[in-house]
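Right, one structure below, let's go through it.
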């Protein structure tokens, strides 16, 4: 049983690790856990804190995780270190923001061979906004390509942090990790003095669903003491719950009697779903409530929407159960039912960004064994109607009659791109092609930092992939939503055999409608098999056709049985065939194979 709750507040350290993807923060967390003996050797595995298989395989952290480490420092004191591991990817920025709000300080991990990247910047600025004390750590110094001095200079130039006493380490081999532990104790501040006798005030940092214990809530105690058996109240929702268990993560769950000021731990109460626990809410005791709630976080707003449909209509109920379960664990993922003429029943789902979308899709296929079709991702548009109302549009198929629309506004983002300067030309061209507006360009050594305003609609498809291919994988990219701006947007419908296919309709900028329409028609021409009659494939804006391709008909050689003889006989047979084809075209249904949908929707450009 860990030594509990009697730790003096001056011996507690709450810290987060911030870094760009792949700079080694989960590996450093593994080493810290190993060196403080929180897990026995046999329980250690790579990336202990990345609990989902998908996190381990992709080598990314998605959910923020927490662990309590006990450390006997060189000064003879016994310390409790609460580490919160944060995701590095831009889609999970809100996971980072709430992790940082629960701590007083951060370790900034920078790869000594790669240097500062765009997400390093974004996360460090968040840490600075939270008034964090930051200790820079240079990881991977054992690599032949490591240039610690250059990277130190870069940290000072780009971020403006003093890196003269940055700690050189190799998280993989464990070199220098003991210095990190000492720096945490010596250079990072303890939590602000809390009052143990005051009414309970705790920040709800995170919550997730466990099949046995129900919802587990991660809390950071500010004032007061949280004990088993107390009745607590969520100040945001007003819901009351009796506390069943109190514990800490070491990363295993260890039950304790109580948690005091400055500590981070978890509670379980009979809470049925994660949606009942709002992240950033204040938890207090029901009988003796605290006067003021803590300033909360703004809830994560879904930014990208797409339809998810089962390939086999019989799997719809399984899909319903699966999205419900994912929602239990991920409150930022939203969904509602929708139907499509082409694809049947499914769900319209909202995500924080493209990586989030990809991961949810992958989890549905993997954990729940479902075959899915995803429609083209779209963003949330605002329609200002002529009668003065404003409506939000999540699905292009639901767009109101163009006559009723006064203007359409689309979301814009502020993107920060860091790239080696030899790729700058290609990236500038990419941003301009995507209707970007340059806001800033500066240099730090041989790297350029570009700031662009871009419409989110242009980034959603394949911007990231294109950026990586232009820069040979060296550019990094980070963005946040800024505002909505009016845009000359039109709804492009795809017609197959004069029938609109709702799953393929999309909102595009007028200047790009023709290019996108032509590309889509060409793609469908390759994908839809020939029928017995001619099939036109058209892209249209309203009633105006902007692109067309035709799939020619399969035809039987009806004149094969005529040997010589009169030409009018042949003509009669051909005329008869022509009539039949005409009739067939009128009544024939075009079967669009599922594969064609999947391929056509993958098309970014």
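Using the three backbone atoms N, Cα and C, a Cβ is placed for every residue, glycine included.
Record features, source Swiss-Prot:
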BINDING   22, 23, 24, 25, 26, 27, 139, 140, 141, 142  GTP binding site
DOMAIN    10-192  domain 'tr-type G'
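Every protein chain considered, the tally of other Cβ atoms within 10 Å of the Cβ of residue 139 (GTP binding site) stands at 28. One residue stands out among the binding-site residues 24, 26, 141 for having the most other Cβ atoms within 10 Å of its Cβ: 26. In the three-state DSSP scheme, residue 26 (GTP binding site) is classed as helix. Note on the domain 'tr-type G' (10-192): mean pLDDT across this stretch is 72.
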